[in-house]
């Protein structure tokens, strides 16, 4: 595990990540270059859960030396809030963030800084 240095991902309920992430980024700098393309969507607040979701993909929570990916439900919440806006500007939901790729069971319940939950994972 290593401390999160990506400024976008400060103020989350976890402070350590592990790399490479599921997208194959080997450093936080590499992950940061890609995740920053989503800044306009974060600024327009198409989903309150977008930043925690992106951070949980690009800088996943590290628990006992293993990455905890975000829950599928969190992905679906973000996609439902942001996909139409992306499409309006000629962008598709990224293949790398396909919600089907995320688990409904072995996943991380990421919360907003104020403690509100952004996802509830299905019971096993």
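From the backbone N, Cα and C atoms, a Cβ is placed for every residue, glycine too.
TrEMBL: automatically predicted annotations, no manual curation.
The feature disulfide bond is assigned by TrEMBL to 1-62 (among others). Under 8 Å, Cβ to Cβ, and six or more positions away along its own chain, residue 62 (disulfide bond) finds 1, 2, 14, 16, 17, 18, 68.
Residue 9 (disulfide bond) carries a helical DSSP state (H, G or I). Annotation comment: TrEMBL describes 9-55 (among others) as disulfide bond.
Under the three-state DSSP scheme, residue 99 (disulfide bond) falls in the helix class. In sequence order, 72, 75, 76, 79 are the residues of the chain that are 6 or more apart from residue 99 (disulfide bond) and have a CB within less than 8 Å of its CB. Taken from TrEMBL, the feature disulfide bond covers 75-99 (among others).
The domain 'FZ' annotation in TrEMBL covers 1-124. Helix first, then strand, then coil: DSSP counts for the domain 'FZ' (1-124) stand at 52 helix, 14 strand, 58 coil.
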Proximal but sequence-remote residues of the same chain as residue 9 (disulfide bond) (Cβ under 8 Å, at least 6 apart): 17, 51, 55, 58, 59
